[in-house]
């Protein structure tokens, strides 16, 4: 709206100048005058009789009489020549009175007097005035040639009228001159007239006629003629106009008005957003004093416990009650209301579910939502955010199909009659040359049989999944080496063919693990999923440090406010875990990097957890399908704050430079930037389009832009400062079945190269260059058709890893090794390496950000027991985690649909 008002003011300015400058000069040179215009002018003169009387009192009678005598002499000389012409002109006007005709006959004589008296002044000012006239006519008005009518007998009249008009800008510019003040008074009368002749000429005609008392304006032409003579100064009349303004210069468009929420966010944006990364290293552990006291001085650009625990503990997503364009939202702030019947009675839950119809797109059948749980495949969440939840039949079928495809590929490369393989499997078991292949097939079919039995068992005895003993079945695959495979046509050398499983963290999660995230230092692992509980796993060499931090808060009176009942339950589980974790460790398993039991468990969510995010000082955010985001801290046992949303919260991310702010994406189509200390939404925006479901969100370019992924395959970028739309990428293929965008499941930035990694449900991973939004690389080979699986980079960004629906963990090189591949497309990467260590869908797979912390743990543990806690940790953190390339070692973690978590260590061969 601001831009429109500015535009109106710009176009109004020339009109103001036009009115103030004098006559609108569409008609400066016309001689033919209509009687109607003359009548209007005379009426205007009568209305201004008081003004003329004042002028008559100020002029001496001698000057008046002398000028009248001279005018009568000139009239007698030129009366005969111009009398006929004046009458002819008056006859042409319609409805002209007789008095007007007589006055018009005297116009040339009076104007001739004006010309004689002003002849001297015209000679001195002719050059300046002509230049001003040309400039004024070019700037504000059209050309005089287009509107003038050439009349031979009125040449003098034209010159005098033009001279009278030329005096207008002269008198305006010289405001301080006493003589010019009187001319300005006449300009007032001239600006009010819209006739072809100047107003001063009309005044002369009217003042000559003595028969009409209202028109006794004879002094006016004398005053005009005597403007060059010194007259006593007098104040200007009140009707005087200000001098004309020049046309306004073109000015740039004003910046858009900022909303109140944006101004508040900018006010909160202290220079800490620009603090370099070196000032706060994410790899060094916070000291005990920093974590316990939480002083603002030590962590000014970061979130501290004092601000996190202050204010409301439950925050609603009101977005300050304003829409992106500043309009107030009334219905959304009030929240959804329960529908009512025609009589006004509130509907029950059963009635609401029965009124909503669900259509099965495969069969076309429509059923009420109340029966959807029984009719539709179980395990699918309402908005397809993740894969099957309770039964594994659909997953098993997909896995079997992928296994059959894998066997078909091996059959094509086999030279021993691959097509007869299925018919002669039992016979080949007895053949010496096929013993290895027979064992492989038996292993494949055995695993599928076990999976089928497990799926049936889980359906019939679903509650038995909560029994920790059920995880013992998962130990069967680890009695033999990890299965490795590579892409067809990828002949090696391989980087992960020697990978080994060093730890199995199964038995804790009761259901699928949907997300896993490492802390910035690499010593803590957070995992969450279907059982609504967040679990924190700590490295063995860092357990004592974090345990002391937690115990310090427990013994110092619990600085946090009174915990809720859910917090008390969480505290109880944390305390029990802390006591038992020190005694339940397996002393024989020295290669296991993590303690076998979680460091703590956070309970409070009432539905599946979908995403996690760590801050650099051990704050943790968790988002859930219960429409909330909860804030935790590693030293506290209760939830610090709960941020309520309107729909499922699919993605969250701390701001990389200022973790007082975090980003949340929800299925209501809104992207929110939350201010944790103020407990409110600082900025927000809404996705456009038919499909407004946000399924992924993250920051890129070190927090400069916020990126979200949608259900229809769009990556939309917003500038973080104002959360305004910047650009977008439609993630899809140019042709084929993937030409329609599919759900975005993950967005990961590639630091240092201005690129992002996008995972989608078309079983493709794409690397985009943000400089021109071009596709740098496309990775394929894994299966991701309906899950919330996302890919991520290794600690040195040389590799990327992803889970898969076919039970494998897939690894790609970020860029092609030209020494291995000579004739391949530079923007396609089909050369993957696969690892199979799970019997279910691999829902999450990540690299450890600091693998050196997990190597030689037996030596590090001995040093940590003999020295002070934290000294050895600080030595290990002297180098940033992103540049550790000295040892070619990777630590990989993967989680599956059953809740099992596996830890792998891979030592690559020395690079040449």
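Just so it is clear, glycine is given a Cβ too, placed from its N, Cα and C backbone atoms.
Check Swiss-Prot against the ranges 519-555, 556-592 and you find region 'Disordered' recorded for 556-592. Ranked by Cβ neighbours within 10 A across all protein chains shown, the modified residues 66, 71 are led by 71. A helical conformation is recorded for residue 66 (phosphoserine) in the three-state DSSP classification.
Counting residues of the repeat 'WD 6' (783-822) by DSSP class, helix then strand then coil, yields 0 helix, 11 strand, 29 coil.
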